[in-house]
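Participant: Below, the features straight out of TrEMBL:
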- 1-186: domain 'Plant heme peroxidase family profile' (DOMAIN)
- 24: heme b binding site (BINDING)
- 31-63: disulfide bond (DISULFID)
- 114: Ca(2+) binding site (BINDING)
């Protein structure tokens, strides 16, 4: 799997990579990141054959084929919302959807940052190709299944690997700065 290889080059093992990808259970993903998977997977002119048809239909509703123009009529980019909202948005100004819960309504959950990402992968509902590829290898599929069953271990693993990630190639001095608040420059 290409994703595992790339993370391995940076010093992350399979368990750490599976944990980091679990961060995809919150946030937003622009439709441009899934367009090829939905409409022209690997240049075939067809969708990714691994996407269940009902899931493909839901994804296409939220990300129509905009291969020539990914901007909606009001000038905003279409996005998937990767949070726990229970509805699917259809307004032109808020194009997007809940990655896990709206698409995987059978997944019970109480917290925002939890195991619904992994539970959805087990059901074949990974939004990004890299996400769903976790299920293609026995080792990573086993790790994803374990994470789906044990939220506290997932959160501890995620915290540990985020700390490792945050210390990777930190730029300091004239090359960069460590900020307490990412949106505010550190004054000299």
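Every residue gets a Cβ built from N, Cα and C, even glycine.
Because TrEMBL annotations are produced automatically, they should be read as predictions rather than curated entries.
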Participant: Under DSSP, is the residue listed as 'Ca(2+) binding site' helix, strand or coil?
Facilitator: coil
Participant: Fewest other CB within 10 angstroms, which one of the recorded positions 24, 31, 63?
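Facilitator: Fewest other Cβ atoms within 10 Å, among the recorded positions 24, 31, 63, is found for 24.
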Participant: What is the total of other Cβ atoms whose distance to the Cβ of the residue listed as 'Ca(2+) binding site' is within 10 Å?
Facilitator: 21
Participant: So what's the mean pLDDT when you look at the domain 'Plant heme peroxidase family profile' (1-186)?
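Facilitator: Taking every residue in the domain 'Plant heme peroxidase family profile' (1-186) and averaging pLDDT yields 79.
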Participant: At the level of the C-alpha atoms, what whole-angstrom distance separates residue 24 (heme b binding site) and residue 114 (Ca(2+) binding site)?
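Facilitator: With the alpha carbons as reference points, the distance is 11 Å.
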Participant: For residue 114 (Ca(2+) binding site) and residue 31 (disulfide bond), determine the Cα separation and express it in whole Å.
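Facilitator: That separation, Cα to Cα, works out to 23 Å.
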